[in-house]
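For reference, TrEMBL has these:
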type     : residues                                       : note
DOMAIN   : 56-748                                         : domain 'Myosin motor'
BINDING  : G150, E151, S152, G153, A154, G155, K156, T157 : ATP binding site
REGION   : 987-1046                                       : region 'Disordered'
COMPBIAS : 987-1024                                       : compositional bias 'Basic and acidic residues'
COMPBIAS : 1033-1042                                      : compositional bias 'Polar residues'
REGION   : 1073-1106                                      : region 'Disordered'
COMPBIAS : 1085-1105                                      : compositional bias 'Polar residues'
REGION   : 1148-1179                                      : region 'Disordered'
COMPBIAS : 1148-1169                                      : compositional bias 'Basic and acidic residues'
COILED   : 1313-1420                                      : coiled coil
DOMAIN   : 1503-1783                                      : domain 'Dilute'
Amino acid sequence: ATIDPEDVWRGAEIIKDYKEGDPILHLKLEDESTLEFRIGPKDNALPFLRNPDILVGENDLTALSYLHEPAVLHNLKVRFLEANHIYTYCGIVLVAINPYDQLQIYGEEVINAYSGQNMGDMDPHIFAVAEEAYKQMARDERNQSIIVSGESGAGKTVSAKYAMRFFATVGGSANDTNVEEKVLASSPIMEAIGNAKTTRNDNSSRFGKYIQIGFDRRYHIIGANMRTYLLEKSRVVFQAEDERNYHIFYQLCASASLPDFKDLALTSAEDFIFTSQGENIFIEGVNDAEDFEKTREALTLLGVKESNQSSIFRVIASILHLGNVEICPERDGESCHISKDDPHLAHFCRLLGVELEQMEHWLCHRKLVTTSETYVKSMSCKQAANARDALAKHIYAHMFDWIVEYVNRSLHTSSKQHSFIGVLDIYGFETFEINSFEQFCINYANEKLQQQFNQHVFKLEQEEYMKEQIPWTLIDFYDNQPCIDLIEAKLGILDLLDEECKVPKGTDQNWCQKLFDRLSSRVHFQKPRMSNTSFIIIHFADKVEYQCEGFLEKNRDTVYEEQINILKASKYQLVADLFQDTSKDSSNITITSSKSAKINVRSAKPTPKVPNKEHKKTVGHQFRSSLQLLMETLNATTPHYVRCIKPNDEKEAFMFDAGRAVQQLRACGVLETIRISAAGYPSRWTYPDFFNRYRVLMKKSDMTLGDKKLVCRNLLETLIKDPDKFQFGKTKIFFRAGQVAYLEKLRADKFRNACIKIQKTVRGWLQRVRYRKIRKSAITLQRYGRGYMARRLAERLRLTRAALICQKQYRMVRERREYLRVRQAVITIQAYTRGMFTRAIFHEFLLHHKAMVIQKHVRGWLTRRKFVRARNAAITIQCAYRRLRAKRELKQLKIEARSAEHLKKLNTGMENKIVQLQRKMDDQAKDLKTQNEQLVVAKASLDSEVNKLQKELEVMRSRQGDGSQLTSLQDELEKLRAELQEAHAHRKKLEEEYSSEKMELEQRVEELERENSMLKSEKEDMNRKILRHSKNQESSASQSVGRVQAELDEERQRYQNLLREFSRLEQRYDNLQEAKVTPGHRRNNSNQSSLESDSNYPSISTSEVGDTDDAIQLVEEMGAEKAAMDIGVFMKLQKRVRELEMERKRLQSNLEKMEDQALRKGTEPKTTSEQDSSDLAYNSLKRQELESENKKLKNDLNELRKAIADRASQNSSSNELQEGYNLLLSQLKAANEELEVRKEEVLILRTQIVSTAQQKEEKSNHIETNDELEWTNSKKPIDKEQALQAYHGLCESKNKASDWGYLNEDGELGLAYQGLKQVARLLEAQLQSQTRKHQDEMTAFQTQIELLKDDIEKKQEMLNHTMSLSPEAQVEYSVQQEITRLTNDNLDLKELVEKLEKNERKLKKQLRIYMKKVQELEAASQATKSRPELTRQVTVQRREKDFEGMLEYHKDDEALLVKTLITDMKPNAVSATVPCLPAYILFMCIRHADYINDDQKVHSLLTATINAIKKVLKKNNDDFEMTSFWLANTSRLLHCLKQYSGDEAFMTQNTAKQNEHCLKNFDLAEYRQVLSDLSIQIYQQLIKVAEHSLQPMIVSAMLESESIPSLSGVKPSGYRHRSSSMDTDGDGPGSYTLESLIRQLGQFHGVMGEHGLDPEIVGQVIRQLFYSINAITLNNLLLRKDVCSWSTGMQLRYNISQMEEWLRGKNLQQSGAVTNIEPLIQAAQLLQVKKKTSQDAEAICSLCSALTVQQIVKILNLYTPLNEFEERVTVSFIRNIQNHLQDRNEVPILLVDTKHTFPVLFPYTPSALSLETLHIPANLSLDFITRV
C-alpha cells in the first residue's frame, strides 16, 4: 500500500524482486500503470504489506494478520461497497458506516435472530452489541453502557434508536404498563425539540443525551431516565445558510391552519426571522405536519395533558413572535423603542400571559445596581436586539429542560431498579473553519471519552493476557491526560475563562492573551502565527484552532433579571413555573455507592438567572460537572462502543470517500484500538482451529500424537524459529502481527507444491493416454486404408466386367431397333396403299347412292303437288255452294225478327235468368265464406286432436310396449298427415298472398346465414386462440385457486391465532384470580369452569360465561367489599374477552365464506390437488349445513306425524294400534306444550333472579341450567316481546341502584349482569337464526333462478332446432321430446317415492322407540324403588345379555371418573391398550347419559371433561408426551361425537352395529365446536413445546456440526471470539449433531404414533417443525459470514438429504415438510454452484425460486472462499443477478418469520373399533362404572 492524496492509500504489486538497500521499489498499481517508489531514510519507508485475499472482508478488523491503517481502510471499503455491509467489528468497537439508504435489516425477525446469540457467532450488527450488553447485565449483574459517537450525519441517533428498540423488544415490561412503548415514544419528542437540519445532516442532534433504561430482577423494563448535555441554544436565533432551526418550529407552522392553533397567530415559517435565515424551510422527503402529529401522539402517550401541550406550543409560538419584534433606534443612537402597535409583541405578551407595557419597557432598558443606588439605563438598538435574542434562547432552554424533566417523570417507576443499560448518544469530534465555544466543549467531551475508551481497551487486553497465562509486558499507548489537564486542570483553559467572566470589563482578547501568557509552555497548546484572537489545541484526533470571539458571552449565558421577573408573573402556571427558582440546581446529583446504584440527574443545562451573580455557575463549569458525572457513571458500568462513520459529504447511498473515512477513523479511536492490539499479540487461534487449519504443514508422525496442543507446539517451534513471535496460552495461541500471514504463505506454498505434483502426475497420465490414443488411431487408419485400396481394386474389376456386358446388350438393342424400324416402315406403306384402293371403291358406291336419293325426293314432290291442286279446287267449290245457302237462311230470319210477339218471349226468359244468376252468385259467396270458416275451425280442431293423439300415443307407449297398438297409432297418424296435406292444399292460396313476406324472410334468413358463417369463422379463430393460450389460462386458473386456498389458510390461521390469544388471556385471568384469593383453604366446585354453560349457545364466547360464574363465586366467597376492590380488573378483563370473542366470530364467518367460495370453485374441472382442497372445504361446509338442517327435522316430524295419523285412521283395521298411537301422540303433544310453557317462564325467572333471597340461589341456578338445556334442545326462537320485557325489567332494576355497594350487598350485581348477558345472548341467537334463514332463502332463490335460466336456454335451443326442421320432422321430434320428458318425470317421481318411503320407515322406527320409552317411563313412575337404583337395575337387566357399548356411572361419581381418567391419568398406564382409551370410555359414558335422556348429566360430564383437560395441560405445559396424549384423546372424542351423531355425512364408513350406537336424544354440535377449539389450543401448545426443545439444537446440528468430517476449513477468528459472552467448549452442552436432531424428531414421531394421534395431524406437526428448522437455519445462514462457503453448502445439503431420508423412512414425504425446507435446499445449492458467467447467473435465477431477491444477494455478498484457490463473487456478477431478478413481484423480505404457524386441519377419521368390543383394564380402578 502506498500513500495517495485522493484515495489516501493505493494498492500495488511488486513486479521486481526487492533486495535490502535498493533505493527504488518497482510497483504495478491496480490500474495496470507502473510506479518507481523511492525508498530511503530521507524519502519513504517500505510500504505496508497487504493481507492475504482470504482475510479481506473479515467481520472483525482484529482478525487481519497485518494490522495497520491501509488494511483497515481497505477492509471497510470492500465490505461497504462490494457486500453492502455497514457494520464491522474492530475489537470491542462496532464500526457503523451510514449507508444513506433504507436497509431491511432492522425488523423484528432480525431482533429475534440476534436475541440469545453470542456476539462473535453472527454478523456484526447494532443488535449484536445490544444483545451483548443485555446478556452481560444478566450474567455479571453489572450495569452496562452503549456509547454511540460520531460526527454529525454519521447515524448516531439512528443507532441509539435501534439499540433502544432492541431492549424494548427483548426486555418488554412484564405487566400492561407498556414502559417500552413510552421509552420509544420519547425519541420523536426529543428529535422535534433538539434536532435540526444542518449542512451535514438533515436530522442532526444538537444536544447530547444519555438514556438509562432500568430493569427489574427478571430483566424486564420498568422505567427510564434521560440526561441531556449542551443544547445548542444559539440555533434558536441564528441559522447558517441552508440550515434550519429546531424541527418543532416548522412543525408548528405547518399545522398553524388547524383549529386548535388559530389562537397562536402563526403563518408560514418564511414569515418569521428565527426560522427563515437558512433560506430553505423544507427538507426533501419530510412532511412537517405529519411529524407534528407524531410528536403530539408521543406527548399524549407519555401522559402530557392537552392543557400542558397547548402551553408548550404557546411558548414556542411566542419565541417566533419575539424574533419578529422590531426594535427602532432613537436619533441619539444610544436608546431605542418598540412601536406601540407592534403585532408580534402583542402576540408574544398574550401567548405568555404577561403585561405588554412592562415587556415593551424592559426590552429597551436595563437596570443597573450599584452599592449606593439603582437606576435604569437605556440600551442601544444592537444591545436591545442581543437582549431579545438572549431572552428567546433562555425561554427555549427552560422549555427544553421542562420537557426533559416531564419525560423523565413519565418514565420513572416506583418499583426498585435492579440494573440499567445506558445509551449515550453524544456528538463526535468536530473541527470546522471557524470553531467556537460549542466545538471546544464537544471536543473536550470527546477527549474524556477517548481516555476512558483507551483505558478500557488496555484493561481488556491485560485481562485477556492474564486469563491465558501469558507474560504481560507493558504496552505503550497514547494517553491524552495532558490535553485534558490543559482544559480542566487548575489554571487551565476553563478556569481562566471563568476567571475572566468574573472581571467586570473582561473581554475575549484579554482572556486569549492570558492563555498565551500562562499556557504557551504546554505541549498540547499552540499560538497561531497570524492571529492574536485564536489558539490551537492538539487533540488526540487533530489540531483544532478556536476563535476566541464569543467565548465569554456564551460562557456567561447572560439574560436580564427584569425580563425574567416579568415572565415569572405570567398568568399561565406553566410559563411561571418555567422560571421559578428551585432549591435544587439542575446539576445537583445524588449518587449512592451500592451495587444497584440509581443515579437520578436532571438535565445538565444552565439554570435560570439568580439575583446573586456570584453564585451563578457558568456554562463551562456546569458542563465540566455534568461531564464528570457522566464519566463516573460510565466507569461504574461495562461500556460497549459504537463508532458511526460518515462515508461521504454528499449523502449519496453507498459512496465511500476514503479521505473522510480515515479522518473519522483517526478521530473516533478505531485506529488506536488497532495500534494497541498490534503492539502485543493481535492474532489469536484456539488449538483445535489452528490444528484444523494448518495440519497440512504437519508430518504424518506428528499426527499420531493424541494431544493437539503438543502437536501445535511442535509445529510452531519447527516453522517459526523466533520464540518471541508467538506465545502459547491456556486455550489459545497468540501471534505477533504478520505471523498468521507467514503461516498462510507456508500453507499456500504447501498447497501449491501439492498442486504442482498433482498437476505433473495428471499431465503425464494425460500425455500417456494421448499417445495410446494416437497410436491406436494410426493403426486404425492403416487398417482402413488398406481395406479401402482392396475394395477399390475389386470395384474396378467389377466395373470392367459390367462394361463388357453393357456393350453386348447395347449392340444387340441397337440392331434390333434398326430391324424393327424397317419392318414398321414396310407395314405402314402397305397399310396406306390398301386404304387408298378401298377409299376409291367406297367413293364410287357413295355417288350411286346419292343419285338414287335425289331421284326419290323429286318424284315424291311432283306427286304431292298434284294432289294439293286437286284438293284446293274441291274446297273452293264447296265454299261457294254453302255461302249461297246461308244467304237464303239469313234472309228468312230477318223477316221473322221483325214480329213483336217474338221479342216479348225473348225478354221474359231473359229476366228470370238474370235473377237466378244473381241469387246463384250470392249463394256461392256465402258458401265460400262458410267454407273458409269451417276450414279454420277444422284446422284448429285437427291441431288439438293431433296434440291429444300425440299425448295419448305417448301415454300408451309408456304404459304398454305392444307393437300392434303402436302400428294402429301410426296408421291414424298417417291419416292425420293426409288430412293435414289437404288442409295445406287449401292454405296455398293464403300462402300466396304472403309470398312477398316470405321472400323477405328468406332474404333475412340468408343474411343471418351469412352472419352465422362469419360468426362461425370468428368462433373458429377464437377457438384457435383459446387453444393457443390454453396453457396460460390453466396456469392462471391454478394460480387463482392457489390464491383462494392461501386466503382460506390465512383466515383459518387468524382464527387459530385468536384461539391462542384467547387461551393466553384465559390463563392470565386464572393467574390473576389465584393471586387475588386470600390465603387459606378454599374448596371449589368440581364442575366449576369457564365452559360450564357455554355449550348451550352456539354463538357465545367460551370464556364469558365461565368468567361470569367465577366472578359470582368470587363475590360469594370473598364478600362484597373485597370483590368491589377487584371489580375494575374484572370488568377490564371481561371487556377484553368480549372484544376477542367478537373478533373470533367475525373470523369464523369469514372462514365460512371462504370455504363456501372454495366449494363453488370446486365444481369446475380441476386437478387432483384442487379437488382435494375443494373436498375439504365442502366437508367443512357440509358439517355446518347439517347443524342447521337439524332445525327442520322436528317440523317435518310433526307434519309426517299428522300424515301418518290420517293414513292410520283411514286404513287401519286394528283399533288397538290406533288407540296406542293416539295415546303416544297426545303424550308427545302434552310434552311439547309443557316445553313451550317452560320457555315462556324462563325470562320471568331471569328477571326475578335479582330479588330472590340468598338461600335460593343454588335452586334458581339449577333451574337456569335446565332451562338453558331445553332452549338448546328445542332450537326454536323465544318470543321477542318477552325478551324485550325482561331486558327492560333488568334495566329498571339497574337504574334503581346506581351505587355499587348497594347493588352488591347480596351479590345482586353479578346475578343481574348474568341475566342481562343471557338476554343479550338470546336476542343474538334469534338474530343469527333469522340471518341464517335469510341467507338460506337467498341461496335457494339464486339456485332456482339459475335452474330456470338453464331451462329457458334449453327450451330456446329446442325451439330453434324444431323450427329448422320440416313439418313432418317437427311432429316426430316433438313426439320424441315428449316421450323423453315423461320418462324423466316418471324416474324423478320414483326417486321421490323411494325417499318418502325411506323417511317413513325411519320415522316409524323412531315412533316405536318413543312408544317403548313412554311405556318404560310409565312403568318407572309406578315403581316404588328410588330412581338411581331403579335405573341402574333396569339397565343391567335389560342389557346384561348383550353389551351395547355404554357405561353407566352415578352422578356423584362424576368427579372420581374425571379424576381417574384425566387428572391422574398417565400415558404409560394405557400404553398397552387400545389407543385413546380414555376418550372411548368418556364417550361411552356420554352415550348412556343420552340413552336415559339426562341432559344435565351430559352437560356436566362434558364440561368437567373439558375443564380437567385444560388443567392437566396447564400443569404439564412443557411436557410433550402429556400434550400429545391429550391431543390424541381430545381429537378422538371429537371424532366419536361426529361418528355417532346420527348425521348421514359422518355415517358413510360406519358398520351396521356402529350405526345402532348413534346418539338418540341430544345434538352435541355445539360441544363439537368447543372440542375443536380445544384441540387447536392443544395442537398449538404441542408445537410450542416441540419447537422449544428443538430450537437450541437446530443451528448447531444443521450448520456447525461436521456431518462429513474434515470438509470445512477454518478461517482466522477475530477479537470477538475471545470476548464472547458464553465461554463454552466444543464438546459442551451447547453442541449438537445432526443425529441428535433426527433422534429428537424420531422421538416426537414415536410418541405421537404411540398415542394414536391421527396420521394427518402427525404430518402437520412434522411440517411445522420442519418450517421452524428451515426458518432458524436460513436466518442464521443469512446473518453469518463464516458459514457462507462451499463446504458449508455441502454439509448443509448432506444434512438435508438425511432429513429427507428420515421423512421417507417415516412415510411422511407427502406431509409438505420437504416443501417447507425448499428455501434451505436452494440456499445450499446456491453456495455450491459456479458464480462467474452470465449463464451461471441465469441458472441461479431459475434455481432459487423459493428464495427472495434480498436473500440471494445477501448469500452472494456473504459468500467467503476458504482458501486462495477459490475466487470471490464479483460485484458485477451480483449486479447481474439483481438485473435478472428485478421483474420479480415479491415482498422484500430478508429473514424468514420464525413465529409463523400453519393453520391446523383436523380431518374426520372415524374409528373402526366397535364400542361393544372395548375392554377396560383393571388397573384403571373404574369399578364404579357399570357396563350397559
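Keep in mind that glycine also has a Cβ here, set from the backbone N, Cα and C atoms.
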Below 8 angstroms Cβ to Cβ, which residues of this chain, lying six or more residues outside the compositional bias 'Basic and acidic residues' (987-1024), approach it? 939
Determine which residues of this chain, when G150, E151, S152, G153, A154, G155, K156, T157 are set aside, have a Cβ within 8 Å of the centroid of the ATP site's Cβ atoms, and list them as they appear in the sequence. N98, N201, S204, G428, C644, K646
Within 10 Å of its Cβ, which one of these binding-site residues (G150, G153, G155) has the largest number of other Cβ atoms? G150
Relative to the Cβ of E151 (ATP binding site), which residues of the same chain, six or more apart in sequence, are found under 8 Å away? R200, Y427, G428, F429, E430, C644, K646, Q664, A667
Note down the number of other Cβ atoms within 10 Å of the Cβ of T157 (ATP binding site), including every protein chain shown. 22
I need the most crowded of these binding-site residues: S152, A154, K156. Count other C-beta atoms within 10 angstroms of each C-beta and give me the top one. K156
Taken over the domain 'Myosin motor' (56-748), the predicted model's pLDDT averages 83
